[in-house]
């Protein structure tokens, strides 16, 4: 039977999606299922790994049924996932020994403090391109091994497996036959040396994580194994692509050349710039990470992670009940006319790149009796654009590359006001692609290249098309005045303490 589609599994922080893409890179079907969030203590975020798997199985079944697709028409499966989230499971039973500790969770912050006090920061930075932070997987694995009775000894005996979510999905989809990850996910663990391309003995010793529990690291585009027949109505489908969500979006946006960058506006905001075969060491608070590895060649990226972006709009809607739908924020922001001197620093969980301050909290400045709800909403929406400029300034400083355009994706960029304001504040064109689902598309492309569904990156690059291009049209004096106000607000926020 003719292969007509590639299936992408997009396993995110709050939901799992299965999406079909045709040869033109267009969406041919989608199914989505949310799953529960677990908050055992303030600042802790966990997921039930079995519930994640159930959500994935359900979306695959719904997608095939709704689209009336024969599994034999699927060329391969690409997997993209919430990065850094860590799972440890029993190899014999396949059962997790603890919940998945989510990337957002701060429950390992004390471990991070101890590692910093022991003087490990520079070594971690040099080997991994990362900072010592609770964000990354390594301290999460250590926490599980520290807190589950007998876990570390069982791991040393080879009885336990660790994986980021991609590894967990593949283990289950292949019936426990395949324990792998790819370069992109490995590079987010704080245990993987991005220069030697191997699990690093010194890092593992620092965290007291046994090497026996780690997955094999493979390229981002190859056939890793076949699914069990029960998931695809008696058929086996090759799993052929893996990338962490932000790297998948970089690939889906066809950012194949050094100096091309994308920004994903989701719960948080993640800007990545392709730096080619050069691992650029940041001096400005950014992360150095692996963009992807294909056909024996690894390419790198600079990354700036903003912790709160689209979630600020959700907070206005659900927490403050300022409007009914997230999309209403555009009308409120436009009605305001300007921000009336109001600045909103959404440091709900601290500030990410380039500041990396987890000890501060959100703040609002410039309120007067004349401040309206519209001004407040506008200031919140504008905060996404200001934070992006913070990251872009750092990125251009590190790379020595002046950005010519920014490719944007994610839910918040559907807001035309936000997209235009972003272009104005950056003084750079912002390009919104026709296919908004760039994360899933990137995973599909990686799988399709491995199975021959697509022939080359050149073929993929030709499919990338612009829905709308936003050109900067704000006078320079006004742009710099607004940004200077933001910088003052951030400085004041960082100086404020509640004892």
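Note: Cβ is positioned from N, Cα and C throughout, glycine not excepted.
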Of 135, 192, 300, residue recorded by Swiss-Prot at the glycerol site of 83, 84, 245, 246: 135
ATP binding, same site as 13, 14, 15, 267, 310, 314 - Swiss-Prot member from 163, 175, 411: 411
Separation of alpha carbons, residue 411 (ADP binding site) and residue 14 (ATP binding site) (Å): 14
Cβ-Cβ distance under 8 Å to residue 83 (sn-glycerol 3-phosphate binding site), same chain, at least six residues away: 103, 164, 184, 185, 188, 244, 245, 246
Cβ within 8 Å of the mean position of the Cβ atoms of 83, 84, 135, 245, 246: remaining residues of the chain near glycerol: 82, 85, 103, 188, 244, 270, 305
Inter-residue Cα distance where the pair is residue 135 (sn-glycerol 3-phosphate binding site) and residue 15 (ATP binding site), in Å: 19
For residue 14 (ATP binding site): DSSP state (helix, strand, coil): coil
Residues that sit under 8 angstroms from residue 84 (sn-glycerol 3-phosphate binding site) by C-beta distance, when 6+ apart in the chain: 103, 135, 136, 137, 140, 164, 188, 189
